[in-house]
């Protein structure tokens, strides 16, 4: 008796709870029997679940939560990230998973309509000009930050922390002032001659921008320390680290995107269009031909969709570059903060070069030569990156969402999820486009306006007079041929 009592006492609480629930005289079983449920309800449910799960061809209901303790324990141990059909590699089940969705046509219709609305809005903003595109990027950033801030939010804990969410937005707008202030500083230099009032108004803010941003961040840091609350330390420090990670992810890609915009709308529009083209092509190729799963993180991504999208994106990059390169409004860089139409020398990248067609083609064609813009060869590199490397940004986002057991980051865009779901590949592409442009396209030099602005802000009157005299001597010697 003592030995059996010891065994019972050493059993884990959850095992004792399961034995109580499976006991026919337990209060739970008696209550079910009094309410009209058949006898052995938990046991029969458990057996039915075992038979269903052990049957090789029986479909599983992943939305069903088992009621019996044993089934609940088995449910916790079961992986919920990848459907079991994909794990087993059953060809017929995989095909049903990829092609047997009854609601896929409705989903495609919703996604197509929302895509057309977004496309029309983006075209209108691009028509308005550089500053409006910048404003669009800022708006997208705010939506992305909102979706990511609320991803790890715990409402029942934040009720005890009034004003805690406001601290996140304080850090967000401080980072925005720091990142965009530096970009604004470069563009404001060239606005001196066009609008002196704006220059005087903002030059002081730009001069002390780093100091202002630093003390704003220190104020947020002190705010965070003063609001630490007992028994909430772990949650608060977790949110503090999560906020900083969001700022790095969001503002890193957006700062590169804005820099590309001022180099010319062409360098913003082409990479973004290639990502959109790759996404649409992968969706349709996978929709109609997808049979072979590509990666376990995204069971509905297929090799057929990936390869078809890569070919379509690379060809589209060559064609898009030719079409977009015909418009000066898209190719001219913006050197100031005005909103007028741009006219400039297109440069060698956007001047057509003519190549004669082979004789056997020219004999059947009305054209004897074709014109190709040199920038189209650069577009090949962007197209290859957009089709082969950039999709891994989407795979990363898929793994991130599965880690938190969510389908989308938000529901702002019908059929697409949130803005973060649409920008996962764009973030990777924007950084590569900036690096490529600065390495192979743009020559690093200083304009006269930039040098004059630096002189006027950094040198005193006497130093400026000395510089003026020395420049006069240098120019005089050059004209006399003695320098």
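In case you wondered, yes, glycine gets a Cβ from its N, Cα and C as well.
The shown structure was predicted, so the numbers you read here are calculated from the model rather than taken from an experiment.
What TrEMBL lists as compositional bias 'Polar residues' is 42-51.
According to TrEMBL, the feature region 'Disordered' maps to 22-71.
Annotation source TrEMBL lists transmembrane segment at 108-127 (among others).
Taking Cβ pairs closer than 8 Å, the transmembrane segment (133-152) reaches residues 122, 125-126, 165, 168-169, 172, 176, 180, 238-239, 242-243, 246, 249-251, 254, 257-258, 261, 265, 268, 404, 406, 409-410, 412, 418-420, 423 in its own chain, all 6 or more past its ends. What TrEMBL lists as transmembrane segment is 133-152 (among others).
Taken from TrEMBL, the feature transmembrane segment applies to 164-185 (among others).
Summarising the annotation, TrEMBL assigns transmembrane segment to 205-228 (among others).
Residues or ranges marked as transmembrane segment by TrEMBL: 240-259 (among others).
Summarising the annotation, TrEMBL assigns transmembrane segment to 265-290 (among others). Through the fold, the transmembrane segment (265-290) approaches residues 98-99, 104, 108, 111, 115, 126, 130, 133, 257, 300-310, 312-313, 316-317, 320-321, 324-325, 329-331, 375, 379, 382-383, 386-387, 390-391, 425-426, 429-430, 432-433, 437, 441 of its own chain, all at least 6 residues removed from its boundaries and within a Cβ separation under 8 Å.
The transmembrane segment annotation in TrEMBL covers 302-321 (among others).
Residues or ranges marked as transmembrane segment by TrEMBL: 377-397 (among others). For the transmembrane segment (377-397), same-chain residues at least 6 beyond its ends with a Cβ under 8 Å from one of its own Cβ atoms are 270-271, 274-275, 277-278, 282, 295, 297-298, 301, 306, 309-311, 313-318, 320-321, 349, 409, 420-421, 424-429, 432-433, 436, 440-441.
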*Residues sitting near the transmembrane segment (302-321): Cβ under 8 Å, six or more positions beyond its termini, same chain?*
98, 270, 273-274, 277-279, 281-287, 289-294, 373, 375-376, 378-380, 382-384, 386-388, 391
*Same-chain residue ranges lying at least 6 outside the transmembrane segment (205-228) that approach it to Cβ under 8 Å*: 161, 163-164, 167, 170-171, 174, 177-178, 181-182, 184-185, 188, 236, 240, 457
*Other parts of the chain folded back onto the transmembrane segment (240-259), taken as Cβ under 8 Å at six or more residues beyond its ends*: 134, 137-138, 140-141, 144-145, 148-149, 152, 167-168, 171-172, 175-176, 179-180, 183, 224, 268, 423, 426-428, 430-431, 433-434
